[in-house]
Amino acid sequence: MAAPAKGENLSLVVHGPGDIRLENYPIPELGPNDVLLKMHSVGICGSDVHYWEHGRIGDFVVKKPMVLGHEAAGTVTKVGELVKHLKPGDRVAIEPGVPREVDEYCKIGRYNLTPTIFFCATPPDDGNLCRFYKHNADFCYKLPDSVTFEEGALIEPLSVGIYACRRGSVSLGNKVLVCGAGPVGMVTLLVAKAMGAAQVVVTDLSASRLTKAKEVGADFTIQVGKETPQEIASKVESLLGSKPEVTIECTGAESSVQTGIYATHSGGTLVIVGMGAEMVNLPLVHAAIREVDIKGVFRYCNTWPMAISMLASKTLNVKPLVTHRFPLEKAVEAFETAKKGVGLKVMIKCDPNDQNP
């Protein structure tokens, strides 16, 4: 594959709140353990939109121009001198988090918790919404021929669902409540069913998203209106015939987390995936006296191989989640679409010569 010419690396860059621009960046120079990738498909995540709108997420503040994007797949064009398992032409999915050191968290297999981790499009680290991108080869996973680039890009949000279901110990025959029918809620629904959940209820404010949830496998849906958390929990129990053993909360909304506590079966598990306000009011006594375990989720770890196997074996289907596609040259328009909440997953196609999924 021919090496890219200088100046061909079109990139989508956030400069601060409300300020994103398409700019040409230099082609990255490789280290011995890196690969250079020609990017193909990059999904827009809610965090990308948040950095564009607000210039920060919590303590992560955009202080200098930063390339956006972290849900991605592409083709290897060049490898570093120590890379043995990949070669030019290989199609890969990118795990965006790469530990910079082997610390106590890496040693126990929970490298997602290491505080110094490199993570695409998290200040100050650049993302991969660009033509060409450099990444550590150990965190690039070869895609089988049966898995498309778009599916490869969707492994990132799919990994959140896998990790959340692992944290909740979803298993054969479980009844599961998923709060939120956005992209993360949808992949959590797919994974829960793939892991053997007998029945899954999905809640959301949006009727159209709940319709999509039914299409991809939800047994029941509840459109949340002005009901109290206790009333929503009662509806969940009525639909399932009993309280769910596992609740996975994907919105971050205070009332939804409260619903999760009230709804979950005694001795069950509430998994917190959505990130909302730093301080929230919760009925903790209600959780304590019924021994409802509350577990947090921060990104994911050790999920890419399982996700690839699930996609290759057709255990689950993420293709219906992609509702909009834009070429890289129209990335700003793509972000406007994502900001409006139109559709579900917006995908940007970075290779001008290949717009196929």
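Backbone N, Cα and C atoms are what each Cβ position is placed from, and that goes for glycine too.
What Swiss-Prot lists as N-acetylalanine is A2.
The feature Zn(2+) binding site is assigned by Swiss-Prot to C45, H70, E71, with similarity to another entry given as support. Cβ contacts within 10 Å of C45 (Zn(2+) binding site), excluding its own Cβ and spanning all protein chains shown: 24.
The feature substrate binding site is assigned by Swiss-Prot to Y51, E156, R299, Y300. E156 (substrate binding site) has a Cβ environment of 27 other Cβ atoms inside 10 Å.
Following the DSSP three-state reduction, the secondary structure of S169 (phosphoserine) is coil. Counted within 10 Å of its Cβ, the other Cβ atoms near S169 (phosphoserine) come to 15, all protein chains included. Positions annotated as phosphoserine by Swiss-Prot, on the basis of a large-scale study or a structure entry: S169.
According to Swiss-Prot, the feature NAD(+) binding site maps to V184, D204, R209, V273, G274, M275, V297, F298, R299. Sequence-distant neighbours of G274 (NAD(+) binding site) (same chain, 6+ apart, CB under 8 A from its CB) are C179, G180, V184, E249, C250, T251, G252, A253, S256, V257.
Secondary structure at H70 (Zn(2+) binding site), as computed by DSSP, is coil. Between the C-alpha atoms of Y51 (substrate binding site) and E71 (Zn(2+) binding site), the distance comes to 15 Å. Rounded to a whole number, the distance between the Cα atoms of S169 (phosphoserine) and R209 (NAD(+) binding site) is 26 Å.
The shortest Cα-Cα distance from E71 (Zn(2+) binding site) to any of the recorded positions (E156, S169, V297, R299, Y300) is found for E156.
In space, V297 is the closest of the binding-site residues C45, H70, E156, V297, R299 to S169 (phosphoserine), judged by Cα positions.
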